[in-house]
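A.B. asks: Pasting a structure below so you can have a look.
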Amino acid sequence: LFVMSSVVLATAGYDHTIRFWEATSGCCYRTLQYAESQVNKLEITADKTRIAAAGNPQIRVFDVNSNDPNPLLTYDGHAGNVTAIGFHKDGKWMYSGGDDGTVRVWDTRSQVCQRTYESRAPVNSVVLHPNQGELVSGDQTGHIRVWDLTASACSCELVPEIGTAVRSLTVALDGTMIVAANNNGTCYVWRMMRGASMTTHFEPLHKLKAHTNIILKCLISPDCQQLATTSADKTVKLWNLDGFVLDRTLMGHTRWVWDCVFSVDAAYLVTASSDSTARLWDLTSGEPIRTYSGHHKAVVCCALNDSAIEGRDADG
């Protein structure tokens, strides 16, 4: 299934723990306590050495390969829940978004917040463009903003559905497409194009009514062939990006499905649910082949890095 030595799989949520799992056996081999709050998001660095956990209001970074229960680093600056987190591909800096309406860029060595962008509404999702030069945020009032890191300013604003919260954003690894999922169960898709300047232009491509309930996460697969959507309707749906037709529906979770992550070859999907489990799905069959049980409250985030080469970036 996976080359075991190269897989880092972790889950976290409302029971104040981060759990690391052997992907194939389903055994939890390490549990970290996150005493201060629930964990809202997890992100593993490209080189698999560190994992960042977004809490309320701090971000903590732990060593993936040691048994040290204490965080390596703590980032303070947000007020309230940190709802989004991610790393520059070389790990030089980290970005985050939060309920305090800010998007922040952090120096990973000094732990200093280098930049703060004001979204003026609680931020639900932040993604990094593959060009590593733009951050895109989605907020509670339905605004999507592009933050140009070079100019340190908002270069573009999109409002697909006024007043409807943008819950999740995902950018294709080839930089050609962005999807925004909202609280009405709708996904908005734009084609992304480079203008004469380095700024990205957005061309509306598709509107997809994916679920009848809130979409909690949308994610384009690493091969840019599929879109996964997870929902409060307890299902996960996989959409073919060629025509936006439904490929299959993954059923088995008994409560909200909050998060998902693809394996690097896009053959498997890990999901996290309020039913206090995470699951591993074989996307060829649509069947759950492993359940990760151990959390005793909602699991709201999962992170997976199974890239074959240490430190390889998304482009291989």
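Keep in mind that glycine also has a Cβ here, set from the backbone N, Cα and C atoms.
Okay, these came from TrEMBL:
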- 1-31: repeat 'WD' (REPEAT)
- 75-116: repeat 'WD' (REPEAT)
- 116-149: repeat 'WD' (REPEAT)
- 208-242: repeat 'WD' (REPEAT)
- 250-291: repeat 'WD' (REPEAT)
A.B. asks: Please list the DSSP helix, strand and coil residue counts for the repeat 'WD' (75-116).
C.D. replies: 0 helix, 23 strand, 19 coil
A.B. asks: Count the CB pairs under 8 A between the repeat 'WD' (250-291) and each of 1-31, 75-116, 208-242, then give me the winner.
C.D. replies: 208-242
A.B. asks: Go ahead and report the DSSP secondary structure tallies for the repeat 'WD' (208-242): helix first, then strand, then coil.
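C.D. replies: Split into helix, strand and coil, the repeat 'WD' (208-242) gives 0 helix, 19 strand, 16 coil.
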A.B. asks: Do any residues, 6 or more residues outside the repeat 'WD' (116-149), come within under 8 Å Cβ-to-Cβ of it, and if so which ones?
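C.D. replies: For the repeat 'WD' (116-149), the sequence-distant neighbours (Cβ-Cβ under 8 Å, at least 6 residues beyond its ends) are 77, 80, 83-86, 88-89, 95-105, 155-175, 178, 180, 182, 192, 198-200, 314-315.
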A.B. asks: Taking helix as H, G and I and strand as E and B in DSSP, count the residues of the repeat 'WD' (250-291) in helix, strand and coil.
C.D. replies: 0 helix, 24 strand, 18 coil
A.B. asks: Grab the pLDDT values for the repeat 'WD' (75-116) and give me their mean, rounded.
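C.D. replies: Taking every residue in the repeat 'WD' (75-116) and averaging pLDDT yields 96.
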